[in-house]
Amino acid sequence: MRLSIYSSILLLRAMCLVRPTFGFPATTCRCMPGDSCWPSSTDWAHFNASIGGRLIATQPLAQACHDPYYNETECQYLQKHWTLPALHDISPSSIMAAAVAKDTCDAFTPRSKPCAPGDMVVYSVNASSPDDFSRTIRFSQQRNIRLVIRNTGHDYLGKSTGAGALSIWTHYLKDIEFVNYTSSSYTGPAFTMAAGVQGSDIYNVANGRGLVVVGGECASVGPVGGYTQGGGHSALSSRFGLAADQVLEWQVVDGTGRLLTASPTQNPDLYWALSGGGGGTYGVVYSMTVKAFPDFPVTGVVLQFDTKNTSSKDFFQAVSYYHRDLPTYTAAGGMAIAQITRSSFLLTPLTLPNKTTEEARSLIAPFIHELETLHIPYQLNITQSATYLEHYKKLIEPNPTQLVQNGQYGGRLLPLNVIESNNTQLTEAVKTITQDGVVFVGIGLNVSSSVVGDVWNSVLPAWRTAALSVLLSTDWPAGANRSTMKTLADRMTSKWVPILTALSPDSGCYMNEADPQQPDWPQTFYGRNYETLYAIKKRYDPFDTFYASTAVGSGDWQVKTDGRLCRVKGNT
């Protein structure tokens, strides 16, 4: 597999010795289908030939549920599987999250309603090499077409799609290579992954070598894209840190078509930006090399209780006790995912690397004692697995988090001092938010310097003091009224997220699990790093080729009501 990755890299570097012209024409807005500047069918055919026939004219995934393409059998299949990421992963254009799909048709709107493309990309390049990246970048610039980057489309903020856009689709770049890595900062086992690799791919390969890597809780998420570039929390984060903390180097094609290596010693500014500064804006990553670690046994804890046989007061008192004890779990290397509603609590799971069942039981004993003192019935399951992959398949992969969680989203990183000094106010916040029908998911972890050491990257600084990454969500039933959903989205922005912000005014939010309408997103998602990241963006993407919602530099643009991407006046 090394030959596959690096032969492509050498080929593009040779081609770049004689560089074609890059850059956009001097216009305010990107071209859209129907515009006089939109490429003709002949233009598209010529471009397709230049990339070996890899251009795809996209079709809405749900068109089988709408006239004139209606097919009852296909539509029923789509409706049954619509919430499974795998259905969308293999599509070059499907928008997974309903909240950012806008007017793109889905499998549940009326059959008679036209299947509009909405914010779906118009064309997609099934990329097989860095050369495909470079040629697509150049074509998008010459023809003034919006360009986006996509692997699986696992995306709550709409970064991997756009009306009238051309997409670089990396999904079938699946090479994985084991590396004995040596550098001034790290010597040890590592893996180089191509851009289309998904979590399940690398977990299985690593397990086969007796190793683990830091990756997402959802098996379908692609580690190389926005997950790691945005920081990336993991069930192993309290042991090793965030995904961005593991990166040794990147191979990336920038906005001028150059294939670059980005590491602490080569193009270090680009390495720093890609490692936590957000995806889809500095360039198109072809591969990523990350640290790997010896495998270990893992103990998992699943705990649930509800209000069926207890009062709301006692229920939320128990929630308070859980948060009180959470730092003890994370200090022991544990990572906890707790889903809280107004009537239920589900810890699913608490992942404890290299701990025995006895150690796990001892860790949670104080919390269990509080539940019993409150006379709250509970269900507890403690399971030990011989390897991390076994634990993952038993307790993480079967979770509801593996489904497409349609809803309105918001989030906040809550510092450790909130739990230590303001746990009463935190409990009141959880109660107020969940009483409105909002689901509160608290991801408990410790990625402070005591865990990660002296790392050098652009991860949002608020992560280093965070005890909880909170994701809020509301329900989005099939066929939901979009006006009603927009009202809930606005309440997320104006009411529920601000409740958490008041608890942590100097913190921020995990940019991949956030409110798409976050009003102060540069500060909230990037903190003090934003201005430096913006300068790096301009250095490696001088023509503003790459745009993604809430990505660095996206404030220079605005999306019109028809989906057209235009420069904000004064930004040229």
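Any Cβ shown, glycine's included, is placed from N, Cα and C.
What Swiss-Prot annotates here:
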type	residues	note
SIGNAL	1-23	signal peptide
CARBOHYD	ASN48	N-linked glycosylation site
CARBOHYD	ASN71	N-linked glycosylation site
DOMAIN	115-295	domain 'FAD-binding PCMH-type'
CARBOHYD	ASN126	N-linked glycosylation site
CARBOHYD	ASN180	N-linked glycosylation site
CARBOHYD	ASN309	N-linked glycosylation site
CARBOHYD	ASN354	N-linked glycosylation site
CARBOHYD	ASN381	N-linked glycosylation site
CARBOHYD	ASN422	N-linked glycosylation site
CARBOHYD	ASN446	N-linked glycosylation site
CARBOHYD	ASN481	N-linked glycosylation site
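The glycosylation sites examined here are ASN71, ASN309, ASN422, ASN446; by Cβ neighbour count within 10 Å, the least packed of them is ASN309.
ASN446 (N-linked glycosylation site) falls within neither a helix nor a strand when secondary structure is assigned with DSSP, and so counts as coil. Put plainly, the glycosylation sites ASN48, ASN126, ASN180, ASN354, ASN381 were compared by Cβ crowding within 10 Å, and the winner is ASN126. Nearest to ASN381 (N-linked glycosylation site) in space, judged by Cα atoms and limited to the glycosylation sites ASN48, ASN126, ASN354, ASN481, is ASN354. Note on proximity: of the glycosylation sites ASN48, ASN71, ASN180, ASN354, ASN481, the one nearest ASN422 (N-linked glycosylation site) is ASN354, by Cα distance. Of the recorded residues, ASN126 (N-linked glycosylation site) and ASN180 (N-linked glycosylation site) place their C-alpha atoms 31 Å from one another. When the C-alpha distances from ASN309 (N-linked glycosylation site) to the glycosylation sites ASN71, ASN180, ASN446 are tabulated, the minimum falls on ASN446. ASN180 (N-linked glycosylation site) sits 38 Å from ASN48 (N-linked glycosylation site), taking the C-alpha atoms as the reference points. Of all the glycosylation sites in the list ASN48, ASN71, ASN446, ASN481, the shortest Cα-Cα distance to ASN354 (N-linked glycosylation site) is found for ASN446.
The two recorded residues ASN71 (N-linked glycosylation site) and ASN446 (N-linked glycosylation site) have their Cα atoms spaced 50 Å from each other. The Cβ of ASN481 (N-linked glycosylation site) lies under 8 Å from the Cβ of no residue that is in the same chain and 6 or more residues away along the sequence.
Spacing of ASN446 (N-linked glycosylation site) relative to ASN48 (N-linked glycosylation site) is 48 Å (Cα to Cα, whole number). Confidence for the domain 'FAD-binding PCMH-type' (115-295), expressed as mean pLDDT, is 98. Reduced to three states, the DSSP call for ASN422 (N-linked glycosylation site) is helix.
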